[in-house]
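J.: Before we start, here is the structure in question, set down as structure tokens.
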Amino acid sequence: MSVTLLYWSLTISHWLLLAAMFCCLIRLVRGPRAQDRVLAFDALYVSAMLFLLSLGIATRSPFYFDAALVIALLGFVSTAALSKFLMRGEVIE
Amino acid sequence: MIESAILIPLVTIPFVVSLIALALPSNARNTEAWIAGITALGLFILTAMQYPAVDDGGAIRHNIEWVPQLGLNMTFRMDGFAWLFTMLITGIGFLVVIYARYYMSPEDPVPRFYAFLLAFMGSMLGVVNSGNLIQLVVFWELTSVFSFLLIGYWYHNAAARDGARMALTITALGGLCLLAGILLIGQVVGSYDLDTVLASGSMIRGHKLYVPILVLVLIGAFTKSAQFPFHVWLPNAMSAPTPVSAYLHSATMVKAGVFLMTRLWPVLAGTPEWFTIVGLAGMATLLLGAFFAIFQQDIKGLLAYSTISHLGLITLLLSLGSPLGLVAAIFHMANHATFKASLFMAAGIIDHEAGTRDMRKLGGLFSLMPVTATLAMVASAAMAGVPLLNGFLSKEMFFAEAIEHHADSILDTAAPYVAVLASAFAVTYSIRFIHGVFFGKIPADMPKHPHEPPFFMRLPAMLLVLICLVVGILPGQTIGGYLNSAAMAVLGPEMPEYSLSIWHGFNVPLLMSVLALVAGILLYGILKTYLATSEEGPPYFRELKGQRIFERVMVSVSWRWARLLESWLGTRRLQPQLRLLAFIALVAAVLAATRRGVPHPTLSLGNMDLLFTGLWAIGIICAIGAAYQAKYHRLYALILMGGAGLVTCISFIWLSAPDLALTQLVVEVVTTVLILLGLRWLPKRIEQNYDGVSLETRLRRGRDMLLAVGCGAGTAFLAYVVMVRQPPQTIADFFVENAYELGGGRNIVNVILVDFRGFDTFGEITVLGIVALTVFSLLRRFRPAPDNIDSPEQQLLQSRHTARSDESEEAETASIADEYLYMPSVIMQWLFPVIIVFAFYLFLRGHDAPGGGFVAGIAMAAAFILQYMAAGTRWVEERLRVLPVRWMGMGLLVAAATGLGAWVFGYPFLTSHAQYIELTLIGKVPAATALIFDFGIFSLVMGATVLMLIAIAHQSIRKLRAAKLPTAQENA
């Protein structure tokens, strides 16, 4: 019972997260402003992290969690750099 | 075999001693002379002791196999001929060393001199004792290199530099031709072994490649032996120190060419082509050299042209193709070496004592230095071919050969006349030298007051003159036997009958000798007054300076033509270069694929994972978008690239490469920051009128598009082909099976990196360090484009908004981070320890699970970058001492020390799995030494990354300083 539940919830979450990533892609490509793109980029990273977590649960492999951890901890660095670039014109002052 | 091994030290010892000589302090004149002298004398005695083995056509051979499959062996071979040359090289070398001790001034850096001289001696010994032709060419080139260094010894002197460069250019060019010729010989014969080649003379002479071989080998020999028209380098090489001239232009360098012609004489000589080419060159050189020598005002110039002339004589003798001519040639090589070396030494003494070598300023030195004068006179008489001296004997043999009939050719008919004429010239310039320098009245304007030099400075010349006399009076008893074995070594069974004696009765050669002597004396009588005041160089030819022509050619080839080629084919713009590169790669790949054929894999869409496909769709759209935006919207392109990179990382995990994914993720982050840092300094986007895109532009874009699509499709196709093919048995299985057993780690990737392929990794981190340092030093000289020296627009806007008129610019900069990024910057600062712990975790688990020094290093670098971003360069550097260069240095040292540590336990560099597998079993401690090595990687990667990022970041601070400077100047 719980296995079936888990299977379906994971499958659904995979597809939903993929859909979320597609949504981010739309903003990423279309913009219109640079800020929209940076935001979409960050959201893409977050969705990817969640996607990896759900994949890890589905495949019972610990390696997905490592990658998710890296994204969670360091993924925001590029977002921060991008926003600072937009805001201040340079990353390190 | 043991006895033949003696040849190895014979050739190698000079090089070893040369290194020792180089290491001595620059004022150790006596020590230098002692070790060089002992070396030369020792080798001389060693060689002398080998004579019984090479007597009567015998030879010593020592073979060391290197790549026998290619015919590349180290073969040392000494026969009678090589023995004679070895004796000359070491013997005269010894005398030159003694002479140089007194000639060189205390200010000259003598270690360099003796080191070059010894190395040159070694190269010459290598040339004459090589039993393998390729090896001979290698030593041949070494003589070119070391003669270049010796001629240019006084490199503060422009003439020395030019002379050295000219000598190197000409002789090295000849060496290249010689190599080509030797390779052709190897093709024809199938071996580079000298004995084999010597035995296949008729095969080579009959081969259709004979003429190219002959021409190439002869160019090599002619350039070295200063044969017309390649003789120009020799007079210009006279700016060398006189001991160098005495050595190079008597017994060694220039003799290498005639040595080679003699060595290959049994193989190449005897054909009409040989006779014509060699004879013509020899005759022209003989005559022109002698003629030019008369009109030289510099003593060394006179001797240089005389050397050229004598080399021409030897070449002419070799051209005849008769065994007797060859014997005469060998005899004259030895004779010329002795009298010319002593003459150069005498010239050096005169220069040393009188302060000039100009014969117009010299005179009457006989009364001041009678011993030197006597020595020079005897040697000059030998050069002129006066009876009772060795020069006379070989000249008689030359005359005898000249009147013989060898071939139906105008050259052969002309030979006796040319011989007499050139000999007359030789008499003239010899008298001119003696009379001009030692007799007449002493000029008032002589720079120094000369007196006899120290005894040991005269001694070498004295010994050589003694040899000239003894050989000249008792030829049969002294040199006869040695000459015989030398000639026999070349000729073998063809050995002719000849007699070495002074008196052969009244015959034609004697008549020719007398004629030449009388004509020479008369000619000097006529020219005497003209020569006393004339300019340097012969009349009419004076304007035709070989050096000028050479310089002209050099400028054309290396400057004008190069420039022309660059303006035709080169471009300073990057786009055409890139286009060309991509185009050539595409064409090459397509050619290779069509010629060799590639498998046609079928694309099966059946077992496609939809989820994965969806991910890839995102990645592909991002990648295409990035390419599309790359030109006009750099930031958008960067963001889209980040998206594509993310999908790549997910694919790596999906396809079970967690290590790669982790590394790639961290690299993605750092790369984005790096490119953003660089974006700040790129020139502003060019505002373009989008309406009027011309047809030309459209065509260009279409072509580039086509090229890009072609390259991309090709790469994709190749990748697909490689991925779907059945992999052959690879080394991967070994790694998988032995990672734990031998490397003590469960993470195969990491074990490969730090253990199995540790040496590769060591090299790679070294390269990374070099790259980081290069980036750093390049950025130190970075000048931003004028349109982005100012602070970015946003900053100007914001600071205008918040500006208070009384606050300075620095205060604003410091407060910006607090005001605009307060919350994020606090979080970033708090994250610092967290990321350090994370990096530590990645590092420690590396050997057994995904992670390792590389990822940890980049993660650590990210932690630093975050601090810089959060609070600005100044704030961070006031509180945190980041020393990336030290981290890099430490990393390299730690990695190297780990590798060296294995040596302590008697294992090869960087490996000793047996050492720590026990540790693993005992304490369940992860592999110890590999971890230390990994720490080296970590330290270096972190240092390199931080160094590069900070180097760019520092531009902003420099820019503020730079911006202040011009304003200050404007105010002033």
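Quick reminder: no glycine exception, Cβ is built from N, Cα and C everywhere.
TrEMBL labels come from automatic prediction, so no person has curated them.
I grabbed these lines from TrEMBL:
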DOMAIN    B:69-114  domain 'NADH-Ubiquinone oxidoreductase (complex I) chain 5 N-terminal'
TRANSMEM  B:112-128  transmembrane segment
DOMAIN    B:130-408  domain 'NADH:quinone oxidoreductase/Mrp antiporter transmembrane'
TRANSMEM  B:209-234  transmembrane segment
TRANSMEM  B:246-268  transmembrane segment
TRANSMEM  B:274-295  transmembrane segment
TRANSMEM  B:302-320  transmembrane segment
TRANSMEM  B:362-389  transmembrane segment
TRANSMEM  B:461-483  transmembrane segment
TRANSMEM  B:503-527  transmembrane segment
TRANSMEM  B:580-598  transmembrane segment
TRANSMEM  B:610-628  transmembrane segment
DOMAIN    B:619-684  domain 'MrpA C-terminal/MbhD'
DOMAIN    B:699-795  domain 'MrpA C-terminal/MbhE'
TRANSMEM  B:704-723  transmembrane segment
REGION    B:790-811  region 'Disordered'
COMPBIAS  B:791-800  compositional bias 'Polar residues'
DOMAIN    B:824-946  domain 'Na+/H+ antiporter MnhB subunit-related protein'
TRANSMEM  B:849-869  transmembrane segment
J.: Assess whether the transmembrane segment (B:209-234) lies in contact with the transmembrane segment (B:302-320), where contact requires at least three Cβ pairs under 8 Å among residues 6 or more apart in sequence.
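T.: The answer is yes, given that the two segments have at least 3 Cβ pairs within the 8 Å cut-off.
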J.: For the domain 'NADH-Ubiquinone oxidoreductase (complex I) chain 5 N-terminal' (B:69-114), DSSP counts of helix, strand and coil?
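T.: DSSP composition of the domain 'NADH-Ubiquinone oxidoreductase (complex I) chain 5 N-terminal' (B:69-114): 31 helix, 8 strand, 7 coil.
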J.: DSSP on the domain 'MrpA C-terminal/MbhE' (B:699-795): how many residues come out helix, how many strand, how many coil?
T.: 76 helix, 0 strand, 21 coil
J.: Under the DSSP assignment, what numbers of helix, strand and coil residues are found in the domain 'MrpA C-terminal/MbhD' (B:619-684)?
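T.: Summed over the domain 'MrpA C-terminal/MbhD' (B:619-684), the classes give 54 helix, 0 strand, 12 coil.
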J.: For the transmembrane segment (B:580-598), name the stretch out of B:461-483, B:704-723, B:849-869 with the most CB-CB pairs under 8 Å.
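T.: Out of the listed stretches, B:704-723 contacts the transmembrane segment (B:580-598) most.
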